[in-house]
C-alpha cells in the first residue's frame, strides 16, 4: 500500500463517525411543522420554556385533547332533542345617555352567560390538576343572544372576549357591550319625569326547543355601576318571557330587563324653570307700572319674546312627538297666552287712561263701581279733593282761581264807590249804572233812592265799561271752572284705569301662583319630586 492508505483510512473513520452521530433524515426531519401565528394550539419550543414549563406543556396537551375534532357550529348536546340551558344575567357598568329626541338609551353592560358543553369536559387529575382554562370564544360554541330592541349599532356582542372553561364542561362568558336600545320616552312631567326603558335579550335563531334561557338573578347587577350625573336608576328587574311571533310557528324565549330611571332635575331647575318663573312674574309687574310712563307695552312684548326663546329651547330638548305636551311646555304656553292677554288689557287700560270729557262720557255704573265700591275691596284709598272756598257772592269758582276773582271783585267795588263819590260831589247821579246782586245778576239804570236802596241791600252800581270788564272777568272765571271740571273728569278716568290695573294685578298674581302650583303638584303627587 502506498502512502495514501493512512489518509484514506482516516477519511473512512471520520465518515463512519459522521453517519453514526447524524440522525436519519437529518435535523429537518425532527423539526415540527410550522403553525399559524394565531394558532392557540401552538406552544413554544422546549428550549424556550421557562422554569416550570411543564404546566404549559400540560395546558397544551389539554388544549389538544379538548379541541381535537371539536365542531364549534354544533349545539353542545348529546342528542338533537336535548335543550341547551343558558343561564343569563346582566350587569350594568354605566348609563351613558338617554336621548329624548331620538328615544334611545345608551348603556355599557356586561352580558353574563353560562351553559354546559359536554364535549369540553376533562379529568383534572389527568392534566396536572388543571380545573379551568381561558379559551378564545371564537373556538367554542356560543349562543347567538342579541338585543331585540336595538335602535342603532350592533345587535350582537362585537368584542369577543375569552370564555372561562371549567373541567365540568361549564362555560362562563361575560363579554362587555355598548347598546343603544329603543325606549319610549314619556315627557309629561319633564323635567321631573321618570322613564321605563326595557332591554330584551334572546336567541335570534334557536327556538325554545333548542335553547332555553334561565335567569341568574332577578335584578340587574349594580355592583359595578358608575353613577350618572343626569339619571338615577330607581329599579332594574328582569322577567322571563316566551313569545310566538307571526313569522314563525316556534316559541322563542327571552329575558327582558325593565330599567326605571328618574331624571335628576337640578340642572333644568336652575337653568330653565327658575328663569321661566321669574319672567312670568314680570307679567304681573306690567299692571303695577303707571300708565303715564309709556313703557307698559314694551315690557309686555319683551316678556313675550323671552318666553318664546324658552319655548324654543324646550323644543330642542323634548322629543318631537304630538302624543303628549310636557308640563313645562304647557306652563310656558299658558304664560305666553297670559302675556298676550296682558298686552290686550294694557292697550285697553291705556285707552281708558287717556279719555276726556270731549271724547267719552263716563257711564253711571262705571262711576258707581270703579270709583266707589271696587276700590274699597282692593284697599285703594283715593286722596280727597281740596276744600273749596266760599265766594261772598256765593259763586262757585275753581279753587285755583278763587283768589283771583275775589281780588277782581274787591277792586271793582272800590272803583264803583269812587265813581259814585265823584258823581255825588258834582251833584249828579251816574247816568247808566249796573248793579251786581249777591247772586251774580247785573242791574242797570238805578239812580237816586233806588240806587241807595240797592247799595243798602248789598248790590253795586257799575258804569257801562266796568260792566263789560266784569262780564269779561266772569267769562274767564267760567272758562277756568270748565277747565277745572274737565280736569276732574280726566282724573276720574285715570283713576278708573288705575283700578282696572289693580284688578288684573291681583288676578295675575293669583293665576301665576296657581300655575306654579300646577307645575310642581302633579309630579309631586306622582312621587317624582
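Heads up, the Cβ atoms here are built off N, Cα and C, so glycines get one too.
Database features, via Swiss-Prot:
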DISULFID  183-197  disulfide bond
DISULFID  247-248  disulfide bond
REGION    27-56  region 'Disordered'
SIGNAL    1-26  signal peptide
TOPO_DOM  27-264  topological domain 'Extracellular'
TOPO_DOM  353-502  topological domain 'Cytoplasmic'
TRANSMEM  265-289  transmembrane segment
TRANSMEM  297-315  transmembrane segment
TRANSMEM  331-352  transmembrane segment
TRANSMEM  503-521  transmembrane segment
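Note: the CA-CA distance between residue 248 (disulfide bond) and residue 197 (disulfide bond) rounds to 27 Å. In terms of local Cβ density within 10 Å, 197 ranks first among the disulfide-bonded residues 197, 247, 248. Rounded to a whole value, the Cα-Cα separation of residue 247 (disulfide bond) and residue 183 (disulfide bond) is 24 Å.
When pLDDT values are averaged over the topological domain 'Extracellular' (27-264), the model yields 85. Packing around residue 183 (disulfide bond) is summarised by its Cβ count: 23 other Cβ atoms lie within 10 angstroms of its Cβ, all protein chains included.
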